[in-house]
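Have a look at the structure below before the remarks.
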Number of protein chains: 2
Amino acid sequence: MTIDEHAPTSAGVTAAAGFRAAGVTAGLKPSGRPDLALVVNDGPSQAAAAVFTTNRVVGAPVVWSRQVVSDGVVSAVVLNSGGANVCTGPDGFLDVHVTAEKVGTALEVSPGDVVVCSTGLIGERLPIDTLLAGVDLAVEALSPDGGPDAAVAIMTTDTVPKTAHVHVDGEQGGWTVGGMAKGAGMLAPGLATMLCVITTDAVLDAETAASALRAATAQTFDRIDSDGCMSTSDTVTLLVSGASRAVPEPADFTAALTQVCAELARALVADAEGATHDIAVTVTGAQTQDAGLAVARAVTRSNLFKAAMFGNDPNWGRVLAQVGTVPESVAAFDPDQLDVTINGVQVCKAGVAFRPRSEVDLAANREVHVLIDLHAGDEAVTVWTNDLTHDYVHENSAYST
Amino acid sequence: MTIDEHAPTSAGVTAAAGFRAAGVTAGLKPSGRPDLALVVNDGPSQAAAAVFTTNRVVGAPVVWSRQVVSDGVVSAVVLNSGGANVCTGPDGFLDVHVTAEKVGTALEVSPGDVVVCSTGLIGERLPIDTLLAGVDLAVEALSPDGGPDAAVAIMTTDTVPKTAHVHVDGEQGGWTVGGMAKGAGMLAPGLATMLCVITTDAVLDAETAASALRAATAQTFDRIDSDGCMSTSDTVTLLVSGASRAVPEPADFTAALTQVCAELARALVADAEGATHDIAVTVTGAQTQDAGLAVARAVTRSNLFKAAMFGNDPNWGRVLAQVGTVPESVAAFDPDQLDVTINGVQVCKAGVAFRPRSEVDLAANREVHVLIDLHAGDEAVTVWTNDLTHDYVHENSAYST
C-alpha cells in the first residue's frame, strides 16, 4: 500500500468521506472557548469499535458508551469539555442519556447508537440545559469540513488541537483514516488518558475494526505515559463509513490506523502539561515485550528521573534505580549487564559508569532518547513520557480552583 | 510495659547502653559538612539484624553488608554521605572492603563484622583515601554521647538530623531502643529509601532481632512513600548490645522497636525534599492488609493528587481515579460504594460528590488526612506521603550538577 498523508481535502475526523463534524461553544467552559464537538457518520456503513479506560472508577459517559458500542454500530459521537461527569451518580447517568436522546432526535438516529464522551473536572454535574442547547448549535454547524473545529472543541488544558490522517491509494481512489484527540494530563497507559475519535471511509466490519483498534492502541496510546495517572474517561472510538467503497486488507488497515494513532499519541506527549522535554525510553534486549514494557514504564514513572531531565541533568543512576525495581518474575536481566545510553552517549556499560555524563547534551532538543539494553533477549519497546517541571506542578496544583 | 521516652541521658544510637558513636567531617562533601558516621557495639552481645532495599540494582555497600549480617553478628556500622558507591563495579566493591578492613583494624574487630552504608550520587567512585582518613577521625571521636553527631553526619538533602528512642522500664532498670535515620528523597516502600541504624541494650538473640525488625519496618518504613522512587542503598541495621542485662518479651521488644521506627519514618516524611504537606492516606474497609496497602500506595503515587495537595485543592476526583487503577484481583471494592473524607469533611459518599470541596481546609496545617473507605472488609492501612511541589522539582532537577 502507498500512504499519502495529503490526499484528503479536509482534516481530522472529516478527512475520511462520509463524515460531518462540528465544534461549537455551548457555554460549559467559563473561558467561553469551544466546548462541544459532534461527529456524525453518514454511512453507508455504521460499523464501529471503541476502547475505554481500564480504570474501575469510570464516568457515566463511559458506562453509557460501552453499551452503545457493544453491538458494533455507532451513528454519532458527541463530546464535551468543561466537565467529566464522573462520580455524579444516577443523576449524572441520566444527563448522559438525555444528551444521547437529544442527539438521536436531532439526527434521526437511535440514541442507543450515540457515543457520549466528557472531559473536565471529576465530581461535578454538567449544566445539562446548556449542554443540550449546545447540541442544537452543533447539529446546525455540522459540515464535511468540520473536523478541525471539532478538534478545537474537545481541548481542555491542551494548547493545540490534535488531528492526523493518512490516505492509502487504491484502484477506486483509495481510502482514508483520520482522527482527533485531546489530552494533556492524566496520560498513562491502559489507555492514555484522553478522548479520541477516529474515522475511516474504508469498508470493514465491526469485528475487523475492533481488532485493528486494539492492535493500534496497544502500540501507541498504551505506550505514552505523561504523568503515570490513569483517567476515568478515556475513550477511543473508531467509526467506519465505508463511503470510499474500498475494501482494504485488514493488515493494511491496521497499519494505517496505527499510523494515525501514533501521530495523535506523539502529539499528546508533545503538548503535555508544562513539559519541556518529550522523552523516549527504549528498552532493548528484553526477553519479552511485556518485560520490556514493564522496565520502560518503571523508568517513565520516576519523578526523580523526570525532574533530572527537566534540569538537563543526565543522571542515569536514577534510570538504573528504576530498572532495578522491576521484579525478576516480570523482567529477566542481570543488573551487572545493564547498558544505558542517553542521546547517543553510553553513560553506563555493564552496570558501571562509562562515558562521562558531561558528554550528554540534553538542553539542545525537546526530544530526549534514553536507551536501556537489558541483554536478556531480542525484544524492543519504546514508551514516551515527559519531564517533571515547575509548570506541571503549577498547572496541576490549581486545576479545580 | 511502660514506655518512657526520656530516661536515657544520650540520644539516637547512643541512647541505649553499650554503644559509642561519632560523626565527623572526612571531606567527602564539597560543602564541608560532616559526612562520616561510625557506630560501635561494645557488647557484651553483638547480635544484629538488617533489612535492605529490594531493588535489584544495589550499591557495593549493600552487597557487602548483606554478607556481613548473614551470621547475625555485627560489631560496627560505618556510614558515609557524599557518594552512594552504586554502579561502581569491582573497584567500588574493593573500596567497601578496604573501608571495612580499616574500621576492623582500628577497632580490633573482624572486618567481616563491619556493616558499610553509603549515600549520595550513583555512578561515581568515592575518594577512598579521604574516606579512610575520615575513619581514623571517627574512631578517635567515638563517644557514648556521639549519637547526635552521627545523625548529623549521615544527612544528605535532609534539613534536620533524625533520632528517636524509647526506654522501657523494668526490674533491673529496664532497656532502651534508640536510632537514627537519614533520607529526604527516593523515599518509597520496600523499603523507604534511607540509611538507618537502631541500637538496643536489651538482651535478645539475632533471630529474635531479625523477626522484630522485619515486623517493625513492615509497619513503618514500608509505609512511607515520598516520591515513589526506590533507592539502591536502603539499609536498616539493628545492633544489640545486651548491656542492660534486661530480657524483654519479644512482643514488648517489637512494640518498642516499632515505635522508634515509626518516629523515624514520620521524621523522614516531615523533612521530605521540598514538601509543604505531610499526607496520611488511610484506607479502611479493606478485605485484607495487602488490599488496603495497594489502594493507599496507588493514591500516594499520584502526581496529580500530590500537586493538588500542594495547591491546597481538595480535588478528591484524583483520589478516586487512583483507587480505580487497582485491579480487582488485588483489592475488592465496588466503585459505587467508595467514600472519601479529607481532613474530616466527607467529600464523596458511595462514589458520588457529597459535601462541597470548599468546606475542606488544607492550608491551615502541614498534615493532611485522606480517608478512603472501601466498604469491603475490616482492615485499615495508612501510608504517608508528601505533596508534589515546585521545590521538589527544583531540588531534583539540579541534584548531580
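Using N, Cα and C of the backbone, Cβ positions are placed for all residues, glycine too.
Remember, predicted model here, so these are calculated numbers, not experimental data.
Annotated features in TrEMBL:
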type     : residues                                                   : note
ACT_SITE : A:Thr193                                                   : active site, nucleophile
BINDING  : A:Thr156, A:Lys182, A:Thr193, A:Glu273, A:Asn396, A:Thr401 : substrate binding site
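A simple way to gauge crowding: the CB of A:Lys182 (substrate binding site) has 28 other CB atoms within 10 angstroms, across all the protein chains here. Around the Cβ of A:Asn396 (substrate binding site), 28 further Cβ atoms fall within 10 Å across all displayed protein chains. DSSP gives A:Asn396 (substrate binding site) a helix state. Proximity to chain B (CB-CB distance below 8 Å) holds for none of the binding-site residues A:Thr156, A:Lys182, A:Glu273. Of the binding-site residues A:Thr156, A:Glu273, A:Glu273 has the largest number of other Cβ atoms within 10 Å of its own Cβ. In the three-state DSSP scheme, A:Lys182 (substrate binding site) falls into the strand class. Secondary structure from DSSP puts A:Glu273 (substrate binding site) in coil.
DSSP assigns A:Thr156 (substrate binding site) to coil, not to a helix or a strand.
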